[in-house]
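Student: This is the structure I want to talk about, given as structure tokens.
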Amino acid sequence: MKKQKSFPMSAYEDLLGKITAPTITVENWEGILAFCDMINNDFEGSKTGIKSLRKRLNNRDPHVVLLAISVLDSCWANCEERFRKEVSSAQFINELKALCTSSQRQVAEKMRLTVQKWVDTECKTEQSLSLIVTLHKNLVADGYSFVVDDPKSKTKAIDAKFANDPNYVGSAQEEEAIAKAIAASLADAEKQEKAKKSTSTMYPSAKASSPAVQTNSNIPEKNVRALYDFEAAESNELSFVAGDIITITDESNPHWWTGRIGTQQGLFPSSFVTNQLDDLKSKETDSSQKAPEVVASINEAILVRCLQVLHECDPTGERQDPEDLAQLEAASYAQGNLIDAHLASIDRQSNSLAQIDVAIRDVLALYDDAIQKGGFQHQSQGMYQQPMQQYNYQQPPNRAYYPPTGPVQQQQPQQYPPQHYPAPGAQPQYACPPNSVPQPQQQQQQWPAPSSQPQQY
């Protein structure tokens with residue numbers, strides 16, 4: 001069939017909306033086949049059809065999703081191979097997995113049955129549909145069923161199977177009646193057990209044990225040692241403390257024995273005593289002798305020696321360990337708390353030194369900043385004060401005036417040495433460094449001293 005021009009996305013959505021409307025109760029096969037023809041007659045029909053189907057498959061209404069699955073199955077069977085490749089693409093395979101594992105039972109079952117049908121038909125001949133086969137295998141491995149789960153058919157099959165079994169219960173009423181009967185029987189059994197417990201005691205009475213004592217009088221007595229303290233709660237019980245030696249007169253009952261301490265006799269729990277009389281004391285004395293008290297102190301030599309001895313030990317056990325290994329290990333373990341405390345104090349000192357270092361750096365930074373600011377102000381003041389100091393002008397000294405006594409003689413005006421002044425706005429040229437400018441008193445002009453004789457005018 002010759003391909004026509006591509007249809008718009010809206011045409012697919014309109015047609016798909018009609019054949020998957022929520023009001024439809026039965027599949028509209030005429031519309032479904034028209035949708036398949038639209039995909040086959042379109043250049044991009046496979047991709048556009050998949051996009052429109054994806055929207056309907058993700059609808060919230062399960063009825064719409066069931067109709068969309070029917071449309072998808074029909075397109076799989078009636079469209080070309082390109083459509084099946086789009087369905088088996090990595091992007092759409094996640095949609096299929098979500099539908100197969102959906103919480104809606106009918107949707108999940110229908111999608112799994114559709115995948116099962118695809119695997120049994122087209123996927124066997126077309127190698128490009130391998131992702132569908134992989135999805136089917138993963139679902140089977142996860143325990144999903146590919147059979148319709150119909151509760152009614154299950155109950156019918158079970159009823160037919162156990163129709164001749166008298167113990168089979170087919171109705172809810174029979175099951176409820178049986179449950180009530182079982183509960184009543186359990187209640188009666190509990191009452192009987194409570195009555196038995198009230199008439200009997202937790203341990204054999206003294207009267208019951210007296211024949212045993214008489215019959216077992218020929219059995220040799222033995223001594224046991226108390227492990228824990230026991231205080232008698234009844235008159236026929238025997239009280240003792242840990243370490244007491246008890247003579248056993250009857251041990252026919254595995255839980256309560258009869259014994260005596262001196263003139264006192266009675267029952268006591270067998271788990272409170274032991275047959276080992278001197279083993280514990282000997283072990284305590286041996287351990288006290290083998291493990292002398294270790295004075296805890298940090299000693300690097302002991303740690304180094306312990307490591308050397310451990311390296312020399314034989315891991316196979318063929319050669320015995322050195323004799324001083326136990327003492328070295330005990331001394332090394334005793335230093336653990338002291339070493340931890342010493343390391344903690346070192347950490348505290350390191351932290352305090354780090355804080356002091358930061359404070360010193362801050363102070364030095366402030367000092368450098370102050371020095372830089374002070375040097376700039378000093379240079380700026382020298383630039384404006386030194387020209388005034390260099391050119392310090394003074395008025396000529398006042399001279400006394402005497403009236404002329406004779407003829408006035410013309411006198412040439414006194415010639416002063418020429419002075420060169422800087423032009424306005426020009427910066428003065430310094431002949432010496434700024435910090436070595438002489439004082440203004442040294443740069444004053446020397447005026448000629450007045451003559452001692454009055455001048456004649």
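Cβ atoms here come from the backbone N, Cα and C positions, even for glycine.
Straight out of Swiss-Prot:
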DOMAIN    19-147  domain 'VHS'
DOMAIN    173-192  domain 'UIM'
REGION    196-216  region 'Disordered'
COMPBIAS  198-216  compositional bias 'Polar residues'
DOMAIN    219-278  domain 'SH3'
DOMAIN    366-383  domain 'ITAM'
REGION    394-457  region 'Disordered'
COMPBIAS  394-414  compositional bias 'Low complexity'
COMPBIAS  422-457  compositional bias 'Low complexity'
Student: Can you check how the pLDDT averages out over the domain 'VHS' (19-147)?
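Tutor: A mean pLDDT of 86 is what the predicted model shows over the domain 'VHS' (19-147).
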Student: DSSP-wise, what's the residue breakdown of the domain 'SH3' (219-278) into helix, strand and coil?
Tutor: 3 helix, 28 strand, 29 coil
Student: In the domain 'UIM' (173-192), how many residues does DSSP put in helix, strand and coil?
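Tutor: Grouping H, G, I as helix and E, B as strand yields 20 helix, 0 strand, 0 coil.
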Student: Within the domain 'VHS' (19-147), count helix residues (DSSP H, G, I), strand residues (E, B) and coil residues, in that order.
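Tutor: The breakdown for the domain 'VHS' (19-147) reads 96 helix, 0 strand, 33 coil.
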